[in-house]
Amino acid sequence: MATLLIDNYDSFTYNVYQYLCSQGADVVVYRNDKITVDEIVKLNPVNIVISPGPGHPSHDAGVSRDVISYFAGKLPILGICMGEQCIFEVFGGTVSYAGDILHGKTSTIKHDNRGLFKNVPQDNQVTRYHSLAGMPSTLPEVLEVTATTDDGVIMGVRHKKYTVEGVQFHPESILCEHGHTMISNFLSLRGGNWDENPAAGVLAQKVPAAATEKAAQEASPAISTPPTCSTILSRIYAQRVKDVQAAKEVPGQSQADLQKLLNLHIAPPLRDVVNRLKESSPALMAEVKRASPSKGNIDITVNAAEQALQYALAGASVISVLTEPKWFRGSLNDLRQVREACPLLPNRPCILRKTFLLDTYQILEARLYGADTVLLIVAMMSDEDLRELYQYSVSLGMEPLVEVNNAEEMARANAVGAKLIGVNNRGLHSFDVDMETTSRLAEMVPEGTILCALSGISTRADVETYVSQGVHGLLVGEALMRAWNLKEFVAELLGYKKKDPVPHTPVSRQVQVKICGISSVEAAVEAATAGADLVGLIFAEKSKRQVTVAKAREIVDALHKLPTRSSQLPVKSQKSIDWFDVQTEMVEQRVPWRPLVVGVFVNQSIEYMSQVAVEAGLDLIQLHGTESAEIARFLPVPVIKAFHMDASSFHAGQIPYVTQPGNNQLLLLDAKVPSLPMDRQGGLGQKFDWTIAQDIVNVKRPGCSKEQTFPVILAGGLDPSNISEAIQQVRPWAVDVSSGVETDGKKDLKKIRAFVEKAKSINLQ
């Protein structure tokens with residue numbers, strides 16, 4: 001009589017075969033779809049082994065489940081990995097995600113020293129290749145747990161009456177300790193019941209009444225069923241408790257320290273998440289998600305900030321950032337980077353910190369790292385904790401998203417007064433998805449509360465169903481992360497009407513012209529009447545073109561008295577989303593009326609520049625020295641920041657520094673004269689390297705088309721003789737000239753007019 005090995009199409013099947021043979025078994029192997037129960041009956045095997053295999057035992061195990069059902073109680077059966085899962089399901093249990101995806105990893109197990117584990121030491125190292133496991137909460141009455149990992153994952157089960165055993169690990173692996181002993185223990189079994197195998201020690205043994213407490217303690221350790229065997233949620237909870245405690249113990253990161261940082265205004269400004277969601281219907285809540293307990297790695301290499309920016313540009317109202325490190329591969333740094341990537345958008349989405357919150361410390365962390373809202377999972381906390389965390393979040397200005405999964409949790413969320421409730425279609429105890437969960441709970445949401453559907457959403461049909469039931473917000477993660485064309489997928493998901501493709505028609509434009517170094521009313525008026533858009537007045541102390549505040553006021557007044565050049569502001573056909581595009585458009589909307597006056601300063605105090613701007617009536621300030629661009633935040637008018645580029649030392653790595661948004665509204669590129677100090681740069685006729693300007697003009701920006709160039713003001717060595725070539729080669733937003741329209745150090749009115757006319761004669765597309 002032979003041992004029958006059912007092959008579930010697994011690469012380890014013949015490792016199992018080898019181990020069985022090494023212990024003296026005569027083994028025959030059949031694949032799970034190449035033999036029937038009737039044929040097995042005719043084989044008359046002495047015992048049966050169900051091999052590991054890919055997939056789920058419900059639909060990928062072939063004849064394995066039928067074999068267990070028929071032969072249990074007739075002969076010994078051993079299930080390995082998927083084989084064990086088949087045993088678990090055949091007798092009424094549920095197999096679902098185990099909380100980790102393990103491939104060739106070892107774990108320490110505790111076991112009951114009986115049956116398969118007789119004479120196997122405790123803390124035995126076993127090898128695991130699985131992502132599924134039997135759910136402890138569904139353990140069938142007829143089975144008992146024989147082994148678990150340190151964190152409670154079931155590693156072995158046994159039928160209480162029949163000689164049926166299963167192990168979730170691979171005893172045939174070379175890394176598994178005492179695998180041969182386990183196989184030998186199985187092969188020693190005879191018959192279909194444990195009472196036929198007293199040597200296995202499975203059935204309860206009668207002990208003398210005089211047994212001492214010490215003897216009882218020395219007995220084989222029992223493997224308990226739930227709650228000792230944990231769900232995924234409880235395992236995550238336990239890990240987060242450790243993580244929070246560790247974070248609090250980092251010097252400078254205590255709760256008191258974080259509160260000090262908040263008081264110092266380290267946290268960025270907030271947006272009201274409820275109002276932001278109301279701006280769109282339905283509102284997309286897009287999730288940055290590298291991995292998950294149920295799916296494993298989704299996109300482990302994704303850059304959180306880049307992904308978030310793509311979500312924002314596709315129309316997301318909220319961006320959810322997973323910051324849990326172990327199961328979701330996220331971090332607080334992801335949250336910070338996402339927040340820093342989005343604030344320069346005209347209508348940025350709100351940022352949600354999505355993690356397993358259990359302490360006010362984590363909410364304070366979220367606020368400091370840039371979140372506008374946080375996730376509170378009702379299933380993870382008592383009513384008292386839920387109320388405390390909810391009220392604390394609201395006290396920081398963040399209305400939390402309160403997550404529920406059933407009617408009892410919905411009632412608890414309503415009781416705390418949640419204004420934003422999300423129904424998670426994924427059960428956190430098993431991580432199984434039930435898309436009807438939101439539908440069942442929708443009617444329990446009070447009027448005025450925003451309802452969101454979380455998890456499992458991937459099609460337009462899903463969205464239509466939920467919207468018809470009153471759902472307003474839709475949290476989508478994996479489907480977005482895997483989308484080939486994100487914008488098209490979002491448009492389809494939200495039901496945006498497809499527009500007929502319109503051929504790209506280049507729009508011609510003229511460059512803006514700035515005449516700098518103006519020191520007389522006559523020159524200013526000539527520049528204005530010639531068509532200049534900006535007039536520069538220099539206040540730098542060491543400049544030969546320096547003007548007084550009184551002279552500047554005189555020039556400004558003269559320009560204000562000129563007739564307006566247009567009675568109609570330009571209308572943009574496309575909404576701008578880039579910081580610099582928005583700023584240049586604001587300037588363009590003002591210059592048709594009259595030229596704007598720019599005050600040029602070199603390393604002068606904020607107080608002085610502000611005073612001059614107010615007294616002289618300046619429209620813009622140009623920082624032409626080594627000032628930090630951050631100074632722009634403290635000045636009363638928009639700022640042009642000049643960057644003096646040394647062609648001999650320029651590197652592409654400097655471009656992100658030059659094009660950094662959020663401070664100066666405009667940027668100017670000028671040549672650097674290495675022999676002169678920084679407070680003497682500019683206005684010298686030194687030609688700027690146009691190839692450097694081209695590199696900056698052609699820099700790619702998120703959300704901008706290939707045709708959109710980066711708006712720069714080109715300066716350095718320009719004059720009427722080369723301005724046409726410069727514009728055609730560089731394609732700048734504006735050009736700046738000073739010495740190039742002078743004769744003998746004074747502004748030449750003819751050159752001014754010639755320069756403006758030539759610059760304006762070129763139409764760029």
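Just so you know, glycine gets a Cβ as well, placed from its N, Cα and C.
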Suppose a student reads Swiss-Prot and sees Gly53, Pro54, Gly55, Ser131, Leu132 listed for L-glutamine. Which of Gln23, Gln85, Gln122 should they find annotated at that same site? Gln85
Cβ neighbours within 10 Å, counted over all protein chains: which one of the binding-site residues Gln85, Ser131 has the most? Gln85
Candidate with the highest Cβ count within 10 Å, taken from the recorded positions Pro54, Cys81, Leu132, His170, Glu172: Cys81
Largest C-alpha distance in Å for the L-glutamine site residues Gly53, Pro54, Gly55, Gln85, Ser131, Leu132, as a whole number, is 12
Considering Cα atoms only, can you say which of Gly53, Gly55, Cys81, Gln85, Leu132 is the nearest neighbour of Glu172 (active site, for GATase activity) among these recorded positions? Cys81
Take the mean position of the Cβ atoms of Gly53, Pro54, Gly55, Gln85, Ser131, Leu132, the recorded L-glutamine site. Which other residues of that chain put their Cβ within 8 Å of it? Pro52, His56, Pro57, Asp60, Cys81, Met82, His130
Pick from Gly53, Gly55: which of these binding-site residues has the biggest number of other Cβ atoms within 10 Å of its Cβ? Gly53
On average, what pLDDT score does this prediction assign to the domain 'Glutamine amidotransferase type-1' (2-196)? 93
For Gly53 (L-glutamine binding site), name the DSSP secondary structure in the helix/strand/coil scheme. coil
